[in-house]
Amino acid sequence: MQIDIIAPGRVKERYLRDAIDEYSKRLSRYCKLNIIEVADEKTPDHASEGVDRQIKAREGERIAKHLKDGAFVIALAINGKQLSSEELAAKINDLGLRGTSHIQLVIGGSIGLDDAILRRADFLLSFSKMTFPHQLMRVILLEQIYRAYKINAGEPYHK
């Protein structure tokens with residue numbers, strides 16, 4: 001299974017990069033992981049809704065260039081479906097059983113994802129009604145993917 005994580009911006013904080021590297025290494029036993037960083041846009045303080053839409057559209061265009069035909073696209077969205085770790089594991093397992101060999105997970109930038117990306121997604125996933133920093137979300141997402149593979153393999157993993 002190939003798993004792509006697509007997100008705007010670079011992770012700058014060393015501790016987050018270290019965590020991303022650790023989970024990437026752990027996941028290498030289970031899947032082919034590809035982290036795709038697209039250029040992000042600077043969001044001015046107190047930007048109007050129109051400016052926010054333009055920023056999301058530009059980031060969305062960059063993200064869309066990496067979405068592959070035949071891939072199952074999961075967009076992280078606050079209004080998406082919340083799953084337990086076991087349910088996410090079952091979803092990944094079910095996709096594999098149905099012949100899906102490529103999953104792309106998309107994380108939005110600091111103001112979220114463009115509507116075009118949300119419409120293109122095959123599934124909207126929410127981790128919470130709360131908002132998380134998009135750089136931290138990469139670590140959380142990687143940990144949950146790793147946990148899903150451990151669950152599917154019947155291997156122990158701390159709770």
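Including glycine, each Cβ sits where the backbone N, Cα and C put it.
S-adenosyl-L-methionine is bound by Leu76, Phe127, Ser128, Lys129, Met130, Thr131, Phe132 in Swiss-Prot, and the record lists one more residue there from Gly96, Gly108, Gly109, which is Gly108. Under the DSSP three-state reduction, Leu76 (S-adenosyl-L-methionine binding site) is assigned to strand. Within 8 Å of the Cβ centroid of the S-adenosyl-L-methionine site, not counting the listed residues Leu76, Gly108, Phe127, Ser128, Lys129, Met130, Thr131, Phe132, the chain contributes Ile78, Ser126, Met137. Non-local neighbourhood of Phe127 (S-adenosyl-L-methionine binding site): Leu76, Gln82, Met137, Ile140, Leu141, Gln144, each in the same chain, at least six residues away, with C-beta under 8 Å from its C-beta.
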